Amino acid sequence: MSEKHEEIISVSNVISHNGGITTFMSPHTGKPVHMIGDNDVAMEFAEKMEDFEVDPEEEKKLVKKIDMYLLPLICILYALQFMDKNSLNWASVLGLRKDLKMHGQMYSWAGSAFYYGYLFFEFFTSMSIQRFPIIYVVSIYIVLWGVILCLHSVPQYPGFIVLRVILGGMESAITPAFVIITGQWYTKDEIFLRTAIWFSSNGAGTLIGSGGLAYNIYQHRENFNLAPWKLIFIINGVITIGLGLIIPWHIPNKPTEAWFLNDREKRVLVQRIKRNQQGFGNKHFKKEQLYEALMDRRTWAFFFIGVTACIPNGGISNFGAILLSTKLGYSTSKTLLMGMPHGAVEFGGCIFFCWLYRFYKVRLFWGCAGQTVTIISFCFLAFAHNTKVEYAGYALTSMLVVTLIVVESLIASNVAGHTKKVVTNAIFLIGYCAGNLIGPQTFKEDQAPQYTSACIAMVVCACICMGIMILLWIDYALENKRREARMNDPTVVEFLMIANHEFADLTDKQNPLFRYAI
């Protein structure tokens with residue numbers, strides 16, 4: 001810490017303060033916490049400025065400006081990654097299975113292969129976005145997955161499976177990167193809605209990919225020399241490469257480097273982010289934060305939410321079009337068109353649920369509300385014997401994304417310490433992968449077209465997922481009450497005297513002033 005901070009650190013709570021090292025005793029863990037020169041990247045900027053009150057009108061204008069410059073490109077990229085990932089679903093009814101001679105569980109394994117790559121590469125890609133400039137790394141991954149997607153138009157099944165694995169590896173960087181970026185630019189109260197906006201862009205990807213791209217390619221298939229399913233992969237791949245080359249020119253690696261903010265706006269932004277009790281990130285991997293993430297029960301709650309939410313997600317993502325064409329009996333063209341409402345519900349419905357947060361600011365409540373709709377939709381799909389009711393169930397299954405939005409926003413808001421945040425998000429996404437790996441395998445060829453076991457598995461998993469969310473809600477509420485009760489503890493009072501402690505890269509357990517967003 002700088003000399004100016006030495007003056008306001010109380011000796012009674014400091015174990016050592018020498019050569020830029022400050023150690024204090026955490027009132028929550030009972031262990032010494034070292035605040036060293038290896039701080040958050042926002043610390044250097046914060047030490048050059050005085051604390052000041054942010055004018056609400058000035059802050060409102062700044063948030064609008066950030067929204068305008070960041071959200072559109074992030075949403076386009078997230079919609080595109082879903083189109084890329086979901087291309088297999090549309091290709092399945094456009095001749096892919098026939099041309100690659102798929103039979104039995106071969107298509108199910110094609111769906112799972114993507115998540116094997118995602119699972120295998122997740123820790124590597126997560127560590128790379130911590131260690132290196134985040135936007136440059138993301139740009140490289142996006143361009144590479146665009147190239148891989150173009151190569152999907154291969155003639156043989158084994159090569160196709162290999163490419164699906166590599167594609168999953170490249171795409172595993174995008175969600176953890178966007179979670180970190182959202183936490184860098186927005187306060188805790190703002191993170192939920194912004195996460196909802198970019199995550200729900202999956203629905204926009206479904207609308208564009210199913211009703212726009214896939215349907216029109218199928219309708220004009222006689223005009224092309226290539227098979228329709230190959231064109232889907234190539235077109236998506238070329239667009240992806242183009243956007244991957246644009247992103248480093250538009251989005252800065254950290255907010256204090258933003259080309260669209262003046263110096264005053266950057267100072268206001270840093271002052272705002274202090275409310276999160278965390279900063280922009282730290283480039284060094286910290287073993288103690290890795291250990292804390294692994295021992296934190298909430299990390300594993302996120303993991304099991306990922307598994308139970310994504311077993312149904314993996315099934316619907318890969319077998320949605322097949323369910324419409326076989327279980328509901330739609331033609332190929334109608335199947336592609338009837339996939340659009342599923343995307344519309346995801347895009348509009350998820351944002352609506354998260355917008356309601358402004359009236360009752362308990363995001364886990366809205367997560368449970370969305371999960372209730374999801375459970376009902378799976379029951380329609382599993383147990384109804386009316387085509388219209390079954391289709392309504394299919395269209396509403398996209399509301400399961402509300403749960404994923406809630407979890408990603410909780411990780412962005414409630415996990416402090418940059419290494420801990422990266423590791424926690426990676427573990428959640430490993431659960432996400434595991435669920436999406438299992439999901440397609442619940443669809444057994446000998447149960448077509450009803451796929452009864454798969455539909456029942458969706459209902460069971462959705463109920464378990466909701467139960468875990470309720471337990472997490474209770475856990476956060478009780479912990480916040482415990483922390484409030486300790487506010488007069490001498491160690492907490494002394495901690496308040498440490499200037500810019502928000503940017504010391506402390507974890508949520510180490511920082512006695514940290515409160516969990518519920």
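Placed from the backbone N, Cα and C atoms, the Cβ positions cover glycine too.
A TrEMBL annotation is a machine prediction, not a hand-curated record.
Note that the structure is a prediction, hence the values are computed from the model and not measured.
Copied over from TrEMBL:
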type	residues	note
TRANSMEM	66-83	transmembrane segment
TRANSMEM	103-121	transmembrane segment
TRANSMEM	133-154	transmembrane segment
TRANSMEM	160-183	transmembrane segment
TRANSMEM	195-217	transmembrane segment
TRANSMEM	229-251	transmembrane segment
TRANSMEM	300-324	transmembrane segment
TRANSMEM	336-357	transmembrane segment
TRANSMEM	364-385	transmembrane segment
TRANSMEM	391-410	transmembrane segment
TRANSMEM	422-439	transmembrane segment
TRANSMEM	451-478	transmembrane segment
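Among the listed stretches 66-83, 336-357, 364-385, 422-439, the one sharing the most Cβ pairs under 8 Å with the transmembrane segment (391-410) is 364-385. Sequence-distant residue pairs (6 or more apart) of the transmembrane segment (229-251) and the transmembrane segment (422-439) include fewer than 3 whose Cβ atoms are under 8 Å, leaving the two stretches without contact. In summary, the transmembrane segment (103-121) does not lie against the transmembrane segment (364-385): fewer than three C-beta pairs, each 6 or more positions apart in sequence, are under 8 Å. Three or more CB pairs closer than 8 A are found between the transmembrane segment (364-385) and the transmembrane segment (451-478), so contact between the two stretches is assigned (pairs 6 or more residues apart). Between the transmembrane segment (336-357) and the transmembrane segment (160-183), the number of CB pairs under 8 angstroms, six or more residues apart, is fewer than three, so the stretches are not in contact. The transmembrane segment (300-324) shares more Cβ pairs under 8 Å with 451-478 than with any other stretch in the list 160-183, 195-217, 451-478.
Long-range contacts of the transmembrane segment (66-83) within the same chain: residues 142, 145, 171, 174, 178, 181, 185-186, 194, 197-199, 201-202, 204-206, 208-209, 213, 236, 239-240, 243, 246-247, 250-251, 258, 260, 269, each at least 6 residues beyond the stretch ends and with a Cβ under 8 Å from a Cβ of the stretch.
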